[in-house]
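What follows is a single structure, written as C-alpha cells, with notes after it.
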Amino acid sequence: MEQTFVAIKPDGVQRGLCGEVMKFIQPMKHYLDLKDMPFYAGLCKYMSSGPVFAMVWEGEGIVKMMLGETNPADSKPGSIRGDFCINIGRNIIHGSDTVENAKMEVGLWFKPEEFVAYAEKAKAWVYE
C-alpha cells in the first residue's frame, strides 16, 4: 500500500473546494528541491498566502489518477484538476510525485504520533 502527501493549495481552500476534493478520496522546506527554478520565490509567496489543508492519502496506484496532471489542460475529466482547475499556476492541489518524495513530504508536515492506525475491513474485498 502506497502513501502520498497531498495538500490543497491556498486557491483551493479560498475557493471552498476542500469538501469537493475530499469526495475524491513549511512551504519553503517543502519546495526546497525547486529553489533554483525561476518561479521558486513566487511559489513560496503563493504557498504562504493563506491556509493549506494537508493530508496523507493511501491507496494502490490511484493518487496520480485522482489528482490529474500538473497542467489542468492535460488532466482528464473526473480528476481533481480536470474538474476544478483552469490554470497551471493555480492548480489547487499538490501530490507527491514519487514514493520517496512522499515519505520526505509526509515527514515535513506530520509527526508519527499524529497518525491513527485504522484497519478498514472493506480493503480485503477491494484489493487482492
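Note: Cβ is positioned from N, Cα and C throughout, glycine not excepted.
Per Swiss-Prot, the feature active site, pros-phosphohistidine intermediate maps to HIS94; the stated evidence is similarity to another entry. The Cβ of HIS94 (active site, pros-phosphohistidine intermediate) lies under 8 Å from the Cβ of PHE5, VAL6, ALA7, LYS9, each on the same chain and at least six residues away in sequence.
In the three-state DSSP scheme, ASN91 (ATP binding site) falls into the coil class. Residues annotated as ATP binding site in Swiss-Prot: LYS9, PHE39, THR70, ARG81, ASN91.
The annotation N-acetylmethionine is assigned in Swiss-Prot to MET1 on the grounds of experimental evidence.
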Should ARG81 (ATP binding site) be counted as helix, strand, or coil on the basis of DSSP?
helix
